[in-house]
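Student: Just dropping this structure here.
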Amino acid sequence: MADPPGCCAACATCLLCPYSCQWITAKKEKRKGLRTTKCDCSWFLFLFCVFLFTLVWLYFAIIILNDLHNFNEFIFKEKKLWFDWSLVLLIATAVLITYSSALLVLALCLQLCGQPLKLHWLHKILLILTALVVAAAFTGLGIKWAEEWRSAQISLQATGPFLHIGVVGGMTLLAWPLASFFYHTHNTGLKVFLLLMYCTVMIALYLAPLGITSPCIMEENQLPPKPALVGHRGAPMLAPENTLMSLHKAVDCDVQVFETDIMVSADGVPFLMHDEELTRTTNVQAVFPERAALNSTAFNWTDLQQLDAGSWFLERKPFHTVESLSDDDRYQATKQRIPSLGQALEAAKQSNISIMFDLRPENHSDYQNFVNATLGVILQSGIPLQQVLWLPDGFREQVKQQAPGVQQVYGRKRLQNEKEPLLHVNLPYQDMSSEEIRQYRQDNISVNLYVVNKPWLFSVLWCSGVSSVTTNACQVLKEMKHPIWLLPSSTYLMIWIVVDCVSFLTILWAFLLLKKCSHRRRPAESETDVLLTKINSLMQE
């Protein structure tokens, strides 16, 4: 295959070596017989599909980062091993996407230079392994973490308009190698098939905005108020979770509600603790090694006060923000102890913030006594009852009778035959659509969604009109004065039209330009063929 103008022998060789894993010189006699076969085209198509597959996984990996701390906690609960799996996820994804994209770029450059697409067998094996790894990742995601599929759907409300522009741009650039292949191949059927496929995809992309919806496509004056912040176990990125230090750090972040979890000790003292066991957030294995696996409720309050509830935060570094803590914060973390509910209520009262909690474990045989003990501490604390948000469903009617001023928060959506209207709901952010949030807002129902850590997700929920969000990253969301993006519908329409028109004109220019270049080369090739024929005839004579 003759080198087209602009592709020197050295360039052709440099492109062929990493793709074909062979040192092939640019001399024709060394490349004689090397042509792109149908099998080679099939492998190029497979390469393109693997690239798209890994690109989709990269998108999912970025979305998963919002909830990956929950995955880290799940692994610790199952294996008693703490590790920041976000590092593994990002490094593995970066390797896969870099490898497949590098191969694809090489293949496209080879096609533009008129070189054969002879993919080496080692690359073929690695591409198959890449596809299997990504398929396994998606399968595991669907089996063990199915709610992340809903997270991906929500993310499209934040990224949809920009993904559309990016995909249109990528497919537009693909017109150059496609046009080069179109004018070099002599297989009419393949040419028609590829052209029809490409045109179909581009038409679908040009019309895609008709199906793109986002709550952030609105006028500036329609933007709802910024959602209030609820500190998930306080400010767990700045201090050990469920400690008084974490509560005070959350107050510094302007949170309006401190969200926590309550356990009740063996001698009836409610205290702050999320896990049923104490191993993750205390040094119970060092202080009470023979009792470390017991439920938190099996310890009395005197035993619990002996435990260090802060040093683990510095040792395990559950969030990357631990590295940036000041020396004073590090010292304060080592002094943290498990706080009682009474201490937390006193701190909330002094800071004038509300406290929302769940009571664990719900399936405990002594759960009613847990409710009574918790309610007793609340009533004795002197905190205004409207600052207490009650989440537990068990014995809720009893709580309403004994403390009617406590705000009842429900972990479910409203029912059609609701006996009394719900005023507050607390749900995972995946469980409510933008339309439902707007409807609840119109009906004066306060909606709190959890756990929201990334600005893109906070922006979507802000535009949707959510009342508040529970977050680990209060220090990040506090600084947001505006959603990441907000576009009036007229502006988005203009962007849509401009992008489509520029893309169409670029594709048209690519095909016309390469057609003109191919016509210029044909006379030269014909003259060369005639000359070679004459030389061959003379030699035979």
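Heads up, the Cβ atoms here are built off N, Cα and C, so glycines get one too.
The domain 'GP-PDE' annotation in TrEMBL covers 227-481. What TrEMBL records for 41-65, 85-113, 125-143, 163-183, 192-212, 493-514 is transmembrane segment.
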Student: State the non-local partners of the transmembrane segment (85-113) in its own chain: residues 6+ outside its ends, Cβ under 8 Å from one of its Cβ atoms.
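Tutor: Result: 3-4, 7, 11-12, 15-16, 18-19, 44, 47-48, 50-51, 54-55, 57-58, 61, 64-65, 68, 71-72, 75, 119, 123, 126-127, 130, 133-134, 174, 176-177, 180-181.
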Student: Under an 8 Å Cβ to Cβ limit, what residues of the same chain, 6 or more beyond the ends of the transmembrane segment (163-183), are close to it?
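Tutor: Hits for the transmembrane segment (163-183): 108, 111-112, 114, 156, 191, 194-195, 198, 201-202, 205-206, 208-209, 212, 495-496, 499-500, 503, 506-507, 510-511, 514-515, 518.
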Student: I need to check the long-range neighbours of the transmembrane segment (41-65): which residues 6 or more away from its ends have a CB within less than 8 Å of a CB in the stretch?
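Tutor: Contacts of the transmembrane segment (41-65) (Cβ under 8 Å, skipping residues fewer than 6 from its ends): 71, 86, 89-90, 93, 96-97, 100-101, 103-104, 107, 117, 119, 124, 127, 130-131, 134-135, 137-138, 141, 145, 148, 151-152, 155, 159, 190, 454.
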Student: Mean pLDDT for the domain 'GP-PDE' (227-481), rounded to an integer?
Tutor: 96
